[in-house]
Amino acid sequence: MSREAKEISSAPITPRPSSPSRATGAPPVSCPPSQFHSPSLSRSPLLNGEGAEGGGAARPRKAPKTPVRTPRMSLTPRFITPLGSPIRKALRATKLDPQDAWLPITESRNGNKYYAAFHTLCSGIGIQALVLPYAFTTLGWSWGVICLTLAFIWQLYTLWILVQLHESVETGVRYSRYLQLFSLTFGEKLTKLLATFPIMYLSAGTCSTLIIIGASTARNLTQIICGTECSRELTTVEWYLVVTCAAVVLSQLPNLNSIAGVSLIGAITAVGYCTIIWVVSVDKGRLPGVSYNPVMGGNDVEHMFKVFNALGLIAFAFRGHNLILEIQATMPSNEKHPSHVPMWKGVQGSYTLISACLFPIAIGGYWAYGHMIPSDGMLTALFMFHSQDVSEFVLGTTCVFVIVNALSSFQIYGMPMFDDIESQFTRRFKKPLPWWLRAVNRVVFGFICFFVAVAIPFLSSLAGLIGGISLPITLAFPCFMWLKIKKPKMYGPNWWINGALGVLGMVLSVILVASSIYVIIDTGIEISFFNPK
């Protein structure tokens, strides 16, 4: 029995009806020689005997006294027309690369829609959502709400594209990683030029940022709990080290499916602190002297750059597209139950909750603080304006939720890096990574992120710039990959929509990067290499 037969157990063997040729002992009917190598018939059970094996014309032979059953090459139904070919391609899409069983993203494929929702929610919402009200200070009420709504719909559409492209009937492959899909679509050169750095940053860079956020929040928590009674406060670097050690311990969970519980906790805490912050801010009312007039620049050029920087902040609020294919790769799939069905259900559930967090934060935060919102976002505003009139329990709970979410998000964003590191070993030595070497690799990665966090502690201040760099991953590349793989009718509605969105995404990316650099130079940020505060 072939490997396909072992891997695909959901397709029952269809019994072959008895035919007149079997009853009478007449020679079997063979297909024309020209069809022996046809893609639609190359694996057909009709192609038996020497003619099928040799690829030439079928030679008449004496019929046996008893019918001989031709060995099946797979457990797929015995279709008698070329219509069976697309179904066979869909079945082959469930085949695994031998190395996939050794790598942390794909070694376990027993995920479901609930796991997908946990992972998507944990990776799709985070501390970056708290800067949305600051983007409104430049855009104002109307344009702020319009841009946030359009960005949400756009990125939800590209999410749908990625979910659909995970399994390709045309190539018979499951694309389990974003870089793999991009590389097979556009080639290695464009992958290295356009996709590798943004995706690697969205993994390793996000992990470093999470260490910074978790450490600074943990320091605030100790001040809330101890006040002035703490005998000795840890320094910022020491808090970085504490958070890194906790993240490294959690990172020893072997694969993406094994951290489903961690992602669930991360999702609950993310929704929790987002809800607490906007509810408290709205409950305390607007600050005295709040203004909702858009903050204008000194001249038209400066104002235009600030507008684009605000758009970059909105783009940065939507993350996790670089993990969608990896999350879907944890699910089983066959022709009756393709993985895109439960995956899309999980995405719909998670993004319903994400929208219930992002829009209240943006609208409620801007209503409460207006132009007074600090550039660091709502968490800083909560402590800046309400540290005296909000209970320590609420402030402490918010801090705990932020810390736990940072540690949980570290796991799912670090998993693609763990997978890439281990793939280098498996490709070279043709065997899985030993458990002790896997543990060492993850410890090393964690402390590399710790070093980056200490060396560049202002990394979280570059949200607009990073949003512009990573925007094509979210909004542009999926549209181009859809055009390249699905090949919709040229100049048709599908072709125009995806082409226009892809081009617009790339143009916006260039403009956002340029405007973010201008704003950073114009307003300045506190640059302090190896001097975290």
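Each Cβ is built from the backbone N, Cα and C atoms, and glycine gets one as well.
Taken from TrEMBL, the feature region 'Disordered' applies to 1-72.
The compositional bias 'Polar residues' annotation in TrEMBL covers 32-45.
Annotation source TrEMBL lists transmembrane segment at 114-135 (among others). Among residues of the same chain six or more beyond the transmembrane segment (114-135), those with a C-beta under 8 A of the stretch's C-beta atoms are 144, 148, 213, 256-257, 260, 262-264, 266-267, 270-271, 274, 277, 310-311, 313-314, 316-320, 323-324, 327-328, 330-331, 342-343, 345-347, 349-351, 353-354, 357-358, 361-362, 365-366, 369, 373-379, 381, 402, 405-406, 408-409, 412-413, 460, 463.
Annotation source TrEMBL lists domain 'Amino acid transporter transmembrane' at 114-521.
According to TrEMBL, the transmembrane segment annotation covers 141-163 (among others). For the transmembrane segment (141-163), same-chain residues at least 6 beyond its ends with a Cβ under 8 Å from one of its own Cβ atoms are 132, 135, 178, 181, 292, 310-311, 314-315, 317-318, 321, 324-325, 328, 340, 343-344, 347, 351, 355, 358-359, 362-363, 366, 474-475, 478-479, 481-482, 498, 501.
Tertiary neighbourhood of the transmembrane segment (193-213): same-chain residues 127, 178-179, 182-183, 186, 240, 243-244, 247, 319, 322, 402, 406-407, 409-410, 413-414, 416-417, 445-446, 448-450, 452-453, 456-457, 459-460, 466, 469-470, 472-473, 477, 532, selected by CB-CB distance under 8 Å and a gap of 6+ residues from either end. Annotation source TrEMBL lists transmembrane segment at 193-213 (among others).
Away from its own ends, the transmembrane segment (259-280) comes close to residues 111, 114-115, 117-119, 121-123, 125-126, 129-130, 250, 253, 350, 353, 356-357, 360-361, 364-365, 378-379, 382, 386, 390, 394, 397-398, 400-402, 404-405, 407-409, 411-412, 415 of its chain (Cβ-Cβ under 8 Å, at least six residues beyond either end). Residues annotated as transmembrane segment in TrEMBL: 259-280 (among others).
Listed as Cβ neighbours of the transmembrane segment (351-369) (distance under 8 Å, sequence separation of 6 or more from its ends, same chain) are residues 120-121, 124-125, 129-130, 132-133, 135-137, 141, 144-145, 148, 152, 156, 159, 267, 270-271, 274-275, 277-279, 281-282, 284-287, 290, 292, 317, 378, 381, 385. The transmembrane segment feature in TrEMBL is assigned to 351-369 (among others).
Here TrEMBL flags 393-414 (among others) as transmembrane segment. Tertiary proximity for the transmembrane segment (393-414) is limited to same-chain residues at least six positions away from its ends with a CB under 8 Å from its CB atoms, namely 119, 122-123, 126-127, 202-204, 206-207, 210-211, 213-214, 217-218, 220-221, 224-225, 243, 246-247, 250-251, 253, 256, 259, 262-263, 265-267, 269-270, 272-273, 276-277, 280, 323, 379, 382-383, 387, 442, 445-446, 449.
Distant neighbours of the transmembrane segment (435-456): 204-205, 207-209, 211-212, 215, 237, 240-241, 244, 247-248, 251-252, 254, 414, 417-418, 421-422, 425, 529-530, 532; these residues of the same chain sit at least 6 beyond its ends, with a Cβ under 8 Å from one of its Cβ atoms. The transmembrane segment annotation in TrEMBL covers 435-456 (among others).
Below 8 angstroms of C-beta separation, residues 128, 131, 154-155, 158-159, 161-162, 164-165, 178, 181-182, 185-186, 194-195, 197-199, 201-202, 205, 309-310, 312-319, 321-322, 495, 498-499, 501-506, 508-513, 515-517, 519-520, 525 of the same chain, each at least six residues beyond the ends of the transmembrane segment (462-483), sit close to that stretch. Annotated transmembrane segment per TrEMBL: 462-483 (among others), in sequence order.
Summarising the annotation, TrEMBL assigns transmembrane segment to 495-521 (among others).
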